[in-house]
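Pulled from TrEMBL, these are the features on record:
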type: DOMAIN; residues: 2-191; note: domain 'Glutamine amidotransferase type-2'
type: ACT_SITE; residues: 2; note: active site, for GATase activity
type: BINDING; residues: 97; note: L-glutamine binding site
type: BINDING; residues: 257, 289, 364, 365; note: ATP binding site
type: SITE; residues: 366; note: site 'Important for beta-aspartyl-AMP intermediate formation'
């Protein structure tokens, strides 16, 4: 996890512009560098470092003697950098995994570079010899990237939008800041003036396709074409374990978020098993958050006891949750209802991890609900084919919702997130399975995933088959849900008249509830005029829903209601 920032063709003084780079300082608390590009006085890079690998030579922009004309600023982890070195005979100058990007680019150009990277990444690559700038982002957008490009060729790039919103530029009072699309790379020409011109934007990987780098994976070739249930279950276990194993790459302490739900529990159980196998000599710290006696806390306690982790419980009250709303929306850069709600707990637990422990690399279960059809509303899918299409839509939009939440809430406290469920090879295999294998069965969502681990003894049976909780219920006290607490508080903050005129004040994605209005208000305070960053609210399909919470669906029954 790092913060990257770069400008090309700035008309304004760079020492003034670089103040914007400091807005993402939380992403890299270990070191900061600001560097001008030789020969282009109005181009520069800014970098905030969180040192995870190669403590000595990990500063950026990365430049190596072999390619003095290449400049690389990247945020991410490339898990197959050693396999690629072995395959192609690359001679690395540092221990930084991202150095492989320079060697791949030199060997085969930008398309092959982006396609061969097994990992999560957002990068800016400058080739001064050929006067090109390249931007790229991983398949699911696990690592964030935003850009601003004006008509006259001024380019700004940053890990978070807040590093670009106040840039000064003569030709444009308020340049348009946009998220860079996941799974794409962009080629831009660099003019002698330092300005740029976009040449092409290319989609380099579709999540349904087996990635190009699979040919050099450490996992043996899996039996293909057979959808025999036992074979499928075995392949799911092999690929998921491999997804966790490759993410153990770190020189800093590893921890894991643990809600006691299926996804985080599977990640924690497999993670601890693999840490023992490779003799990592410290206990795995797991972290659960909730109000007193919440269902998540109780379930996580059970999992931690079963797997033997060093377990931490973070208890928060309604006042602490409500006080965090504004800083959470500032960190997230969104006003999406369910994203804000679910971010409060993750933000507060990340704050605890940073202040009270030395765990920095944090594993989590994001991506599973989208991939394995874990949302309650999948029970209402008209057909397996439509459920499969919805799963793919959710994966495509992850960067706007759950992946955004997971990145910003952890990065706000200088932590690095790892999400094995979004491993390229694991997801492409799961999506290749027949649609009717992936749907909920016997009234239970994620049936195939649960079945795959049934005989492994990794988790207690009641956790493996625990139904999905709405996040706002999982962290709530038995007495009152987080959902209800929020509604009661916000009801006092927004009067009925304001809500009636909401569409006039917020014509794009007009809020339909007081809660939504309240979030819009805070968002506009910090990011005025940028409501377009959220194309639409997250809402369940196939049901008449006016609220994204699972607790509003008929199929749903929470532990707090039993």
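Each Cβ is built from the backbone N, Cα and C atoms, and glycine gets one as well.
The model shown is predicted, which means the values in this text are computed figures rather than measured ones.
Feature annotations (TrEMBL) mapped to structure.
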{"residue": "2", "record": "active site, for GATase activity", "contacts (Cβ under 8 Å, 6+ apart)": "27, 28, 47, 48, 49, 50, 60, 74, 75, 159"}
{"residue": "257", "record": "ATP binding site", "contacts (Cβ under 8 Å, 6+ apart)": "264, 286, 287, 288, 346, 349, 362, 363, 364, 365"}
{"residue": "366", "record": "site 'Important for beta-aspartyl-AMP intermediate formation'", "contacts (Cβ under 8 Å, 6+ apart)": "263, 398, 402, 403, 406, 417, 419, 421, 422"}
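Cβ proximity to the ATP site centre (mean Cβ of 257, 289, 364, 365, cutoff 8 Å) flags the following additional same-chain residues: 256, 258, 259, 264, 287, 346, 349, 362, 363. In this structure, the CA atom of residue 289 (ATP binding site) is 33 Å away from the CA atom of residue 97 (L-glutamine binding site). In this entry, 257, 289, 364, 365 make up the residues listed for ATP, with the farthest two CA atoms of the set 15 Å from each other. Using a 10 Å radius centred on the Cβ of residue 365 (ATP binding site) and all shown protein chains, the other Cβ atoms total 24. Note on residue 364 (ATP binding site): other Cβ atoms within 10 Å of its Cβ, all shown chains, come to 25.
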